[in-house]
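Trainee: The structure is given below, and queries will be raised subsequently.
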Amino acid sequence: MARNKRAKQLAKEKNRVKRTKEEWEAMKRENPDLGQKKGYHLAPKSNEMFERYYRGIGIVPEEEWDDFLNTMRRPLPTTFRVTGSRRQAEELLKIIKGQYFSKFFSTDDDQEKIVPTQLPWYPNGLAWQLDFTRKEIKNDSALKSLHGFLISETESGNISRQEAVSMLPPLLMDIKPHHKILDMCAAPGSKTAQLIEALHSDENVPTPEGFVVANDADNKRCYLMTHQVKRLQSPNCMIVNHDARILPNMFYSKDNNADVVKYDRILCDVPCSGDGTMRKNPDIWSKWHVNGGYNLHSVQKKILQRGLELLAVGGRLVYSTCSLNPMEDEAVILTILNMCGGAVELVDVSDKLTGLKYSKGTYSWKCMNKTGEWYETEEMASKQFRNQWDTTIYPPIITVAQEAKLERCIRVLPHQNNTGAFFIAVLEKTRDLPWTSGKSNRNADPIINPSERQDPSEKKQSQSQHFTFGIRGKNGSYHFAKCKLCGVMLQGRNDFNSHQGGRKHKQSLEDYEQTKKTGPVASTDPAVPVKSDTVAMDTEPAKPTEHASKTDTYSSVADPEKPTNDCERTTGEDTVASGVTEVTARKVRDEPEVTEEREVTGEPGVTDTAVEPSGKDSPPTKRQKMDKGETTEEKKETEQKKEMEEKTKPEEIREATQQSGIPVMVHGHKEDPFIFCTKDDPIWPPIKEFYGIGESMCVEQIMYRNMKRMLYYVTEQVRDLVVANNERVKFINMGVKCFSSGPSPLVTECDYRLSQEGLHVIEKYVSGRRISMTRQDVVTILSCENPFIYKLSPSTQDSVHTIAPGSVIFHFVPSESDPEPCVEILFCGWRGKTSVRSFVDKDQRQHYLRMCGVELSDIKAQVKMMKECKNLLEATPGSSQVSGTETPVGPASGDEAEVEKWNEEAEAPRDPEADEVEEEINGDLAVESEMLNTDNDKANDNNEAGIDNEENMEDDVAESAE
């Protein structure tokens, strides 16, 4: 196939008309666009319905409308914030102002001077806005150095490029180191990273007691979010994958009386129509539709309601959207406040945003259909419009909105601060919600203990004793139910009402009442014996839908509050029962022709007896056809498979399925388990002795996935939560990598080397194998591939000679004799027989060199010049090369015997499922490869694929490490 394709290409080139240079120039004169690159032409930035809708609602004053619309059509400026510790952030700010802002933003007198803007409302002046788009910074040759700086520092975790208004919600949460934090819709992770920074902001608390749980409904987006979180290297973060509307409870332990985890701070950045991001996403101009906000209103209410249920009394929840639509903003807030009955109130945070221009929340708005007709009340709306949308989208009475204090909401308009549009509301929980039962321990979980399913809210429902309820919804109602009389699975309010008023249920109810009075009803068919209990219908599980984006994820799940088609009802793959696991809704056939008896287990203490009539003319059931076509051996194999599946399920899930009759699934995607080391684990004593680790570091906080190639560290609180909830919560990622397996012939005592990712977390426990160095030593080790030990300062040489070969920690501390830089520098590396080297990725290496006042570009220029001189000497006849000298270029020097022996050992192939997909950038040999003008940068450029390049570094170390 490839040969035929190549032959066709050659034939095409042979038949191509060859033109001279003069002919091409003549053609270009006739057609100037000939040969020019054709870029991507954006659609016009206009939408008549969008302009009519928002101008009619009145959230933008009429005198500001033109300014608002013009700003929406301009591209979004670039913004970034400096992260890390306070001292390191101050040092980085000095470099930014001195080397980049002063150099690139000063212009001639004839031209307008462009000055970077410091965001006045961001603390400590760490956030900046540049009046350049990302495209301009990337393509402008004058800004090329700034572009490389931003990318390098972003990948090393010292700078975060984030939209300005997106920084607001975490700032209003008032996070402390001991807080338990939940991000309900976390992907892509920029706000989650800001939450982690706030948790670690107190330098006096090196390891906070609190933690961050980052959740998202889309499995793929969870893996992409891992890259954002890993840049910050925090052992206090967990990434989970569940539908935020029915996020399961987490418990502190597996004891029956264990309490439910209640969060002190919750960020509820719900999926929205996104029309506030038009400056960043111009495609929304052509795709915007008036129904977008209506479709998501119900989803947003459910997410906010679930968030308030998980919020501790006295805690704070921040609700935010990147939408301008009041249906997604004030309407959602007002609906939930009315439901809570005073248990939740809006918080005034106007004093927290000094310098930010914004508009207060609105009291009134209007609804518009797709034809452009306006409705101010539900009575004014057409019948089709009333039946299609939720009643809570309509504007409230002014007095009701005033009592709810909607003016405390914040709406940022684009023209006010030259940003995108955003909406924020801060809620505080003052007491328990009225629909909660007050029980918050493991025994009260409706799946673990089905006897606790029924509460007073169920007793108010007519004939509720004949139904088994599943997931709790608003006002005490339930999203899933099963009729014990008919054996039918129901999803949503519409299914429940239609089935309860249907002919079949009424007939079954009459038979049930008659049975209670007179005994079992005799069958008209002598072939059908009288049996007890109801005959269950055959059901087929609905296929899960694929998730593509945050909005699509939630819209793909069947909404119990919206009219649905009974023949096409499906649920998302991440639909999870409140408190435990995933419940899959099923398509149900209501025909009464099933003659085979099946047992249906209802709630404890309820026994139902009924007979389903069956006539001779009834068609055969699906199960009968299946049984008829199966052989005895196939039946045995099917039964064995079912038994194995039941045995592999956790005990709690099996009991819940048997008692409730509702099918329960765990985990939509298979994940490698999180396994924690034990106190008697054989891998720990060699590591502990080799690195001099004290007793204060608990081995039970060391974790691995499937294989012990990588060891991760988590805090004690995170470990307890994972152990207690690993069978009910789908964990995606957690912890920081602190050790990786890398056997060496020089080090027989320990096969594990230190990892840069978790070094700052565990270095306080490591008392041995530390090398103190000067600033010049930092530059030497990071700029040379394998510098000889004698090239280091005398004090550093003495420190190196006291340590045997193997993995080490290089540590720089500023002193009176060596005051610059005024921050500590810590990185891991290798001590060989005659040389040393660093195990630091390319971006982190650039950051450390920049802290020392050295730019990698300058080093590259020196290396290039030295290579040219070397080539010139080699080309000169009779020239003699100087041997025994070391330069930053050339092959790795020192310990050649070790390298040869190491190369002889064959490394075991890596299991692709051994580690989770981590978005890390750990190309440890990228700088050296560039110095040698090799192509290894391509191998290290695996950021998008989420490949752990530090795994591949073991092969590279075989070629150059000691």
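Each residue's number is its place along the chain shown, starting with 1.
Keep in mind that glycine also has a Cβ here, set from the backbone N, Cα and C atoms.
Keep in mind the model is a prediction, meaning the values are calculated, not measured.
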Trainee: To which of the residue ranges 1-20, 61-80, 81-100, 101-120 does TrEMBL assign the term region 'Disordered'?
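Mentor: Going through 1-20, 61-80, 81-100, 101-120 one by one, TrEMBL flags 1-20 as region 'Disordered'.
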Trainee: Long-range same-chain neighbours of Gly189 (S-adenosyl-L-methionine binding site), Cβ under 8 Å, sequence gap at least 6?
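Mentor: Looking at Cβ-Cβ distances below 8 Å from Gly189 (S-adenosyl-L-methionine binding site), excluding near sequence neighbours, one finds Ala214, Leu224, Met225, Thr226, His227, Gln228, Val229.
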Trainee: I need the CA-to-CA distance for Lys191 (S-adenosyl-L-methionine binding site) versus Cys322 (active site, nucleophile), whole Å please.
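Mentor: Each residue's Cα considered, Lys191 (S-adenosyl-L-methionine binding site) and Cys322 (active site, nucleophile) end up 13 Å apart.
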Trainee: Can you give me the average pLDDT across the domain 'SAM-dependent MTase RsmB/NOP-type' (68-430), rounded to a whole number?
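Mentor: Computed over the domain 'SAM-dependent MTase RsmB/NOP-type' (68-430), the mean pLDDT is 89 on the 0 to 100 scale.
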Trainee: Count the residues of the compositional bias 'Basic and acidic residues' (507-516) that DSSP assigns to helix (H, G, I), to strand (E, B) and to coil, and report the three numbers in that order.
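Mentor: So the counts come to 10 helix, 0 strand, 0 coil.
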Trainee: Count the other Cβ atoms sitting within 10 Å of the Cβ of Cys322 (active site, nucleophile), across every protein chain shown.
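Mentor: Summing over all protein chains shown, Cys322 (active site, nucleophile) has 25 other Cβ atoms within 10 Å.
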